[in-house]
Each structure stands twice: as structure tokens, then as C-alpha cells.
Amino acid sequence: MSTHLFTSESVSEGHPDKIADQISDAVLDEILKQDPKARVACETYVKTGMALVGGEITTSAWVDIENLTRQVICDIGYKHSDMGFDGHSCAVLNAIGKQSQDINQGVDRENPLDQGAGDQGIMFGYATNETEVFMPAPITYAHRLMERQAKVRKDGTLDWLRPDAKSQLTFKYEDNKIVGIDAVVLSTQHAESVSQKEVHEGVMEEIIKPVLPAKWLDKDTKYFINPTGRFVIGGPMGDCGLTGRKIIVDTYGGAARHGGGAFSGKDPSKVDRSAAYAARYVAKNIVAAGLADRCEIQLSYAIGVAEPTSIMLETFGTGKVANELLVKLVREFFDLRPYGLIQMLDLIRPIYRETAAYGHFGREQFPWEKIDRAAELSAAAGL
């Protein structure tokens with residue numbers, strides 16, 4: 001019997017890097033509402049008293065960047081100066097330019113199906129049957145802890161909570177099956193007036209216990225709640241935030257490889273984002289079809305070229321058919337050209353702000369989480 005530990009972390013919507021991601025994706029959504037053909041690469045930087053929104057955007061749309069940025073910050077919960085960051089009064093700086101024509105001529109084509117990739121790059125997709133959402137358990141439950149923190153903060157259950165928080169879970173595996181949770185780490189910003197005893201009890205009773213299945217917790221599970229003992233200064237006052245700096249939190253929590261490209265603020269012509277979504281869609285349908293217990297797929301693209309330059313698939317010894325057959329089925333059932341995958345997943349819609357906190361994968365509301373190809377794949381594989 002082989003045993004191992006595996007750990008993943010998540011961060012809250014009030015974490016500085018996630019504030020930046022949400023602003024960038026809010027800008028993208030507002031532009032896509034008006035101009036489906038827009039080219040958007042929006043980056044945000046937040047620090048005490050300011051938000052800087054920059055990047056390259058080519059569009060016919062008009063967006064009130066300042067007002068939108070303030071709205072996102074306030075929606076997250078930073079709307080009082082006593083939190084160290086206030087969406088009503090912070091400075092909002094705009095440093096947006098246009099996308100290079102050199103890039104544009106390589107992407108746009110007369111025939112949409114010939115649309116080239118917006119950049120070179122490698123993207124990975126992954127799925128596993130260890131949870132009902134075909135995601136690794138450590139990242140799934142780390143996200144759920146952060147969603148719960150936001151819920152009890154916003155509904156007043158724990159009104160001393162503040163927006164900035166982080167979670168980390170260490171799972172125990174035997175022969176690659178979950179047998180329990182070894183360690184729970186949860187750090188949350190809080191009001192200065194609350195005692196550490198109240199923080200520990202509130203977090204345990206209102207966040208940890210409602211989220212983590214009791215069957216995975218035992219007397220040996222270790223809990224680290226605000227282990228530094230105090231977390232009053234948080235958000236952009238504690239750390240600066242930047243778009244695209246939580247790429248492992250956004251994906252599989254380290255359980256699968258990552259091509260390095262961030263998602264937020266990028267329109268679907270950027271394969272960093274759209275092809276990573278398509279790769280997840282492919283991997284999830286393969287696992288849902290029963291063709292493997294775990295599946296990782298790598299795609300690669302060249303700038304200005306429509307067809308992927310490579311497709312690689314790995315099932316870690318869990319495949320029910322040969323990997324070569326799976327690659328053949330992927331090519332047959334999924335159009336992985338940039339325009340093809342945009343159409344396949346209906347990506348030119350204002351759906352991206354919601355992706356920018358609590359993970360891009362394992363959340364059923366997104367189109368790349370559908371398992372509508374599973375039955376066809378299973379039949380084609382002869383299972």
C-alpha cells in the first residue's frame with residue numbers, strides 16, 4: 001500500500017490578486033456586451049488607495065473604467081476606510097492602449113474557421129473522478145471554504161470577518177484514494193475588536209465544519225486558524241495585487257501541470273484562456289465517459305496558426321483504452337482551432353467576472369464543464 005499527502009490552497013475574492021483578476025474580467029465582460037469582436041488584454045494592479053487598470057484593448061465599445069473598478073471593489077466588500085481600502089475613495093488610474101496591428105493581422109481571417117491563435121503557448125486540461133465535479137478534492141474543498149467565508153461575512157453570520165482570506169488543505173491518500181484530511185489551514189482578515197478565541201470558534205463552527213465532510217476529519221486532523229494570531233491589516237493595504245498571479249489557484253491546485261498563461265482580462269481569442277478551457281472540457285468528458293479515472297491533456301499553438309501544433313494525452317495508468325486512441329477521438333470529436341473551440345463552448349459572452357474567484361473549473365455554470373460528449377466518446381471507444 002502506498003500513502004502520500006497532497007496539498008492545495010485557495011484565496012478569497014478579497015485577496016489582492018483576486019481583486020485585480022475580478023476588475024480585469026469585469027472590464028472584459030462590459031466590453032463583450034457591446035463588442036463581441038473586441039480584442040482585450042486587461043491587467044490590473046491594486047495597492048493601498050489606488051487601482052491601476054492597463055493593457056491592450058481594441059474595441060468599438062465604451063466602458064466607464066473608473067466607475068466599474070469602484071463597483072467591483074465595493075461589491076467585494078472594501079467600502080469603508082477602516083478596512084484599509086475603499087472603493088468609493090481610492091484613486092483609479094487608466095493606462096489602456098490598443099492591441100498591436102502585428103498581432104491582429106495574424107489572428108483575423110476572412111474565413112472565421114481559419115482564425116489564428118492569438119499567441120504561441122502550451123495549455124493543460126485535467127479531470128479526475130475523485131469528486132462529483134471531476135476535480136481534485138484538495139482544490140475543490142479549499143475553494144468551498146473560501147466561498148463559505150464570503151457567505152458568512154456578507155450575510156452577517158460573522159460580521160467581524162473582512163474580505164481577505166486564504167485556505168489550504170492537506171489530504172491523505174492510500175493507493176491514490178482519499179482516506180482523510182491531514183491538515184486544515186484557514187487565515188482570515190478580521191475586525192480589530194474581535195478576540196482570537198472568537199475568531200477560532202467562529203471559523204471552526206461556521207466555515208470549516210459546514211464545508212468539510214466529517215468522514216475525512218478525525219482526532220489526528222490538524223487545524224491552523226489564523227496561525228500568526230492576528231490578521232487585521234489585509235487586502236491591498238497588506239499586499240499589492242496583480243492580475244494573473246494566482247494561476248494554480250485558478251486551475252487544479254497543483255494536481256496537474258500548467259502552461260504558465262493566466263486567464264483573467266483576456267478575450268477568447270487568447271488561447272491561454274480559451275484553449276485551457278477547451279482542454280478541461282476534453283479531459284472532463286473523457287473521465288465522465290469512463291475512459292480513464294484521471295486524464296491530463298496538453299495542447300500547443302503557434303501564433304497566427306489555427307490548428308494546434310500538438311495534442312498530448314496522459315491517463316496515469318488509469319486508461320481503459322490506449323492513449324493513442326484517446327488522442328484520435330479528441331481530434332475526431334473536438335474542434336480545437338481557436339474559432340472552433342470558441343463556438344463549441346460559446347465563449348463570446350460576458351461570463352468571465354464570475355470565473356475570477358473560487359476557481360475556473362469544477363463549477364457547473366460554465367460551458368466548459370458540460371459532459372455532453374461523454375456518451376459519444378464511450379460509444380466510439382467501444383465501451
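Cβ atoms here come from the backbone N, Cα and C positions, even for glycine.
The structure displayed is predicted, hence computed values, not measured ones.
As recorded in Swiss-Prot, the features of this protein are as follows:
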BINDING   His15, Asp164, Ala165, Lys166, Arg230, Phe231, Asp239, Arg245, Lys246, Ala262, Lys266  ATP binding site
BINDING   Asp17  Mg(2+) binding site
BINDING   Glu43  K(+) binding site
BINDING   Glu56, Gln99, Asp239, Lys270  L-methionine binding site
REGION    99-109  region 'Flexible loop'
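Counted within 10 Å of its Cβ, the other Cβ atoms near Lys246 (ATP binding site) come to 25, all protein chains included. Rounded to a whole number, the C-alpha distance linking Glu56 (L-methionine binding site) with Asp239 (ATP binding site) is 25 angstrom. In terms of C-alpha distance, the listed binding-site residues Asp17, Glu43, Lys270 place Asp17 closest to Asp239 (ATP binding site). Within 10 Å of the residue listed as 'K(+) binding site', counting CA to CA, the binding-site residues His15, Asp17, Ala165, Lys246, Lys266, Lys270 contribute Lys266. Fewest Cβ neighbours within 10 Å among the binding-site residues His15, Arg230, Lys266: this applies to Arg230. In this structure the residues listed as binding ATP are His15, Asp164, Ala165, Lys166, Arg230, Phe231, Asp239, Arg245, Lys246, Ala262, Lys266; their two most distant Cα atoms lie 36 Å apart. Taking a C-beta cut-off of under 8 angstroms and a sequence separation of 6 or more, Asp17 (Mg(2+) binding site) has the following same-chain neighbours: Val11, Gly241, Leu242, Thr243, Arg245, Lys246. Cα-Cα distances to Lys270 (L-methionine binding site) place none of the binding-site residues His15, Ala165, Arg230 within 10 Å. Lys270 (L-methionine binding site) is surrounded by 23 other CB atoms, counting those within 10 A of its CB over all protein chains shown. If you count neighbouring Cβ atoms within 10 Å for each of the binding-site residues Glu43, Glu56, Asp239, the highest count belongs to Glu43. Summed and averaged per residue, pLDDT over the region 'Flexible loop' (99-109) gives 61. According to its DSSP assignment, the residue listed as 'Mg(2+) binding site' is helical.
With a 10 A radius on its CB, Ala165 (ATP binding site) counts 27 other CB atoms from all the protein chains. Following the DSSP three-state reduction, the secondary structure of Glu43 (K(+) binding site) is strand.
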